[in-house]
Amino acid sequence: MATVETAETAVAEDGGVRRRDFINIAAVSFAGAGAVATVFPLVNQMNPSADVLALASIEVDISAIETGQSIKTSWRKQPIFIRNLTAEEIAEANAVNVSELRDPQTLAERTTAGKENWLITLGVCTHLGCVPLGAAQGEIKGEFGGYFCPCHGSHYDTAARIRKGPAPTNLEVPLHEFLSDTVVKIG
Amino acid sequence: MVRIIGILIGLFFSGWLLVSFGMGAKEYITNPPVETAEHAFHKEAKDVSFTSDGPLGKFDRQQLQRGFQVYKEVCAACHSLRLVAFRNLEEIGYNEDEVKAIAANWPIQTPDVDPATGEMSTRASVAADKLPKPFANDVAAGAANNNAIPPDLSLITKAREGGAPYIYSLLTGYQAPPADLPKANQPGPGLHYNPYFANLNLAMAPPLAAADMVSYSDGTKASIDQMAKDVSAFLIWSAEPKLEERHQAGWAVLAFLLIATILAYLSYRTIWADVKAEKKKKSAEA
Amino acid sequence: MSFPWAKQYTPTTEFGQWMDKQLPLPRFVYNSVGAGYPAPRNLNYMWNFGSMAGLFLVVQIVTGIILAMHYAANATIAFDSVEHIMRDVNSGWMIRYAHANGASFFFIAIYLHIGRGLFYGSYKAPREMLWLLGVVIYLLAMATAFMGYVLPWGQMSFWGAKVITGLFEAIPFIGKPIQELLLGGFAPDNAALNRFFSLHYLLPFVIVGVVIMHIWALHIPGSNNPTGVDVKGPQDTVPFHPYYTAKDGWTIGLALIFFTILMFFLPNALGHADNYIPANPLSTPAHIVPEWYFWPWYAILRAFTFDFLFIPAKLLGVLAMFSAILVWFFLPWLDKSPVRSGSFRPKFKIFFVILVIDVLILGYCGGAPAEEPFVMISQLAAAYYFAHFLIILPLLSRLEKPEPLPTSITESVTGKPLTTAS
């Protein structure tokens, strides 16, 4: 009987933390810390892998897009709309009172200086991620002549800004850079 | 009952094994196996060391770049390196622009679909591409190489017993067949004698035939031995690019585990102290 | 069930009491591997390998689930998807090497665990069911490991699958149809790879289920101990926690140190170079061998070189190989010696040592090329293996005179006879 009890009673009698307790606590904490550290690589493996990250930027030839036309391309497995705006569309976008917008931004803020006719946006509705219509020929462009998301009826204008419908923000403009007059690098 | 059946089965298996042993032994004695020429003339890989050897091993990036140059200028004409991407070359010390240039100027282009016509076509490679293969497929590779398909080199140092020293030995091991080599083992047409190769005769002609086949930009003298060593080191990297990370992580984990285990052992000792003390006391009494 | 003196679980916090009423999971754990399980006080370090096997089962399941997130079970891309894990996935190389070497450590633990059971008579009454469940776990682990080895779709994977499914071909009449059924074709291909992946994912969870039954069956009679003498009273036991949790804890640390050394510094030492060559149905590797933990059985398979009457040697080899493991199912009834522990069986002890050496020799021969003299040596070694279990053990229990047993565990520990029953 004595065998079983000694360890327990000794601890119970002594209120403070003694050397033996300290060692036990240290050992358990160490094991716990090890277990937590192990979790990191086990979770981190779910992050994008090196080959996925390597595709993070693409170069697109835009020489074939005529004024008023637009193309869909894919970047990081997401649709990208590249639109060559007409002069009227630019004027229309600039005529809007920015302060009245849900997500106030001017067309200039959304395009590269000197290349305001090139509107490059993600083709992903900021509401729930559908692909809006309006990029391909013959598709509905919505009430504001830009893009229209058929899922829940979000209307975007010619600067791809949200004007009507449930989407909270404008279509996202990805980081892009004109390498030359005809080649744009996205990402 | 179980035991009787068991003994009978046991007698059968053991008995028949002993009989088989007897018959095999008789055959072995009366008709001893002769050593094959492949066995007699085969040589084990040379003893050569690399900076990546051992638990502290690290790559010599300068050497890896030299090895890559040898691969690019000598091996790549026939051997693919299909698991390595151009972007991986940043790991051996090239910067982003150098990698882009290497990819764009690679002599073989990356197969792709022509975006305008949809026809199969090729384009210049980008950093994200894997190194393009010199032959479209094994049939093409065989047809161009006298039916001997040049193996892919990405994993070669892990895919051969003997690893990198074997590759090095093979590259430097070509020699004239010894005079006493049996006729059946003499290199036939298109074959080359190399005692480090398992069946002694290799379809690959000596790839590093002369010194200075490549000219190293870092001024290292490109002797055959140096080129063979460099390309072997490069192929260690291509087979195990995470080797350095692995060694580093290993030491960190080991250090942690050592401390944790010592603590756990001390904890075990304190917990058992009472039981052990009681045991000692009782033993003394007895 | 447990010994009457086992500590009772008494929840101290209010939440503990509420939990105990609604779902007494803490009580269950307390009674299984906590202070509520009294274990013999004299267990030696051979009793630590059960928990080690459990640890590596968990390592395998965790790393395996992660690998399955990146692996593609399709014959055209399986090999490349493994290399994708090794090269591109964050820490992928670490997880894959942990999985590949974790299998070896699981088998190291399980073999030492079985060896301990064999020497200390842990298979004898009242623990037959415990032993039988253990053999089932071993068989399931073999199947899991075999199918796992096929998944990287290298040369050894392919030819291993071909050779092992080829064993079924040895069965008369229905062999060929069975082989085609297993493979879903005439040679290993997509169909086989996919079903092996599915089963390789499933079986570890079946193993977990059988392990739970194994532990359940352990708790009914309680643990065996190095003397083999039954627990007589409270003085013979200590609570599992903290005594054996602490002991298991520090040896798990030790095991992980060896695991780390292998996994980070020699990750391919136990593997085979040929498995880094993509599967090629048109070219067989010069020397097909399974993973090291199958070598003894592989040696027995190859030891049969001559037909017996109308039974072809191949079928004999297959029968013998399966019998070599299935014989363990009958072990409790083959060895009827009333003494459990080999420590008190002078002759058994000698034969046990011979068996261990014999299995090591079989293992060496199984990993060696199928040439003489290895075949002859494995014939002798296999003959002893069957003789040991099927002839020597049944006869030994009649012929051997065991040494006197200690009257109790406490006496064996302190050397002092029990005076009072307190």
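Backbone N, Cα and C atoms are what each Cβ position is placed from, and that goes for glycine too.
Residues or ranges marked as domain 'Cytochrome b/b6 N-terminal region profile' by TrEMBL: C:15-227.
Residues annotated as transmembrane segment in TrEMBL: C:49-73 (among others).
TrEMBL lists C:93-114 (among others) with the feature transmembrane segment. Nonlocal intrachain contacts for the transmembrane segment (C:93-114), taken as residues 6+ away from its ends with a CB within less than 8 angstroms of a stretch CB, comprise 46, 49-50, 52-53, 55-57, 59-60, 63-64, 66-67, 82, 85-87, 134, 137-138, 141, 145, 148, 255, 258-259, 262-264, 267, 270-271, 291-293.
The annotation transmembrane segment is assigned in TrEMBL to C:130-151 (among others).
Within the same chain, residues 32, 54, 57, 60-61, 64, 68, 71, 73, 127, 129-130, 133-134, 136-137, 140-141, 143-144, 147-148, 150-151, 161 sit at least 6 positions outside the transmembrane segment (C:196-217) and bring their C-beta atoms closer than 8 Å to a C-beta of that stretch. The transmembrane segment annotation in TrEMBL covers C:196-217 (among others).
As a whole-number mean, the pLDDT of the domain 'Cytochrome b/b6 C-terminal region profile' (C:230-407) in this prediction is 94. Taken from TrEMBL, the feature domain 'Cytochrome b/b6 C-terminal region profile' covers C:230-407.
For C:250-271 (among others), the entry in TrEMBL reads transmembrane segment. Away from its own ends, the transmembrane segment (C:250-271) comes close to residues 45, 48, 51-52, 55, 94, 97-98, 100-102, 104-105, 109, 291-292 of its chain (Cβ-Cβ under 8 Å, at least six residues beyond either end).
Among residues of the same chain six or more beyond the transmembrane segment (C:316-334), those with a C-beta under 8 A of the stretch's C-beta atoms are 118, 123-125, 128, 131-132, 135, 138-139, 142, 167-168, 170-171, 296-298, 300-304, 307-308, 382, 385-386, 389-390, 393-394. For C:316-334 (among others), the entry in TrEMBL reads transmembrane segment.
The transmembrane segment annotation in TrEMBL covers C:350-370 (among others).
The list of residues near the transmembrane segment (C:376-396) in space but at least 6 beyond its ends in sequence, with Cβ under 8 angstroms from a Cβ of it, reads 299-300, 302-303, 305, 320, 323-324, 327-328, 331, 334-337, 345, 347-348, 351, 354-355, 358-359, 361-362, 365-366. Annotated transmembrane segment per TrEMBL: C:376-396 (among others), in sequence order.
Beyond the transmembrane segment (C:130-151), the same-chain residues lying 6 or more positions past its ends with a Cβ under 8 Å from any Cβ of the stretch are 64, 71, 73, 78, 82, 103, 106-107, 110, 113-114, 117, 122-123, 157-158, 160-161, 164, 188, 192-193, 196-197, 199-200, 203-204, 206-207, 210-211, 213-214, 217-218, 221, 275, 290-291, 293-294, 325, 328-329, 331-332.
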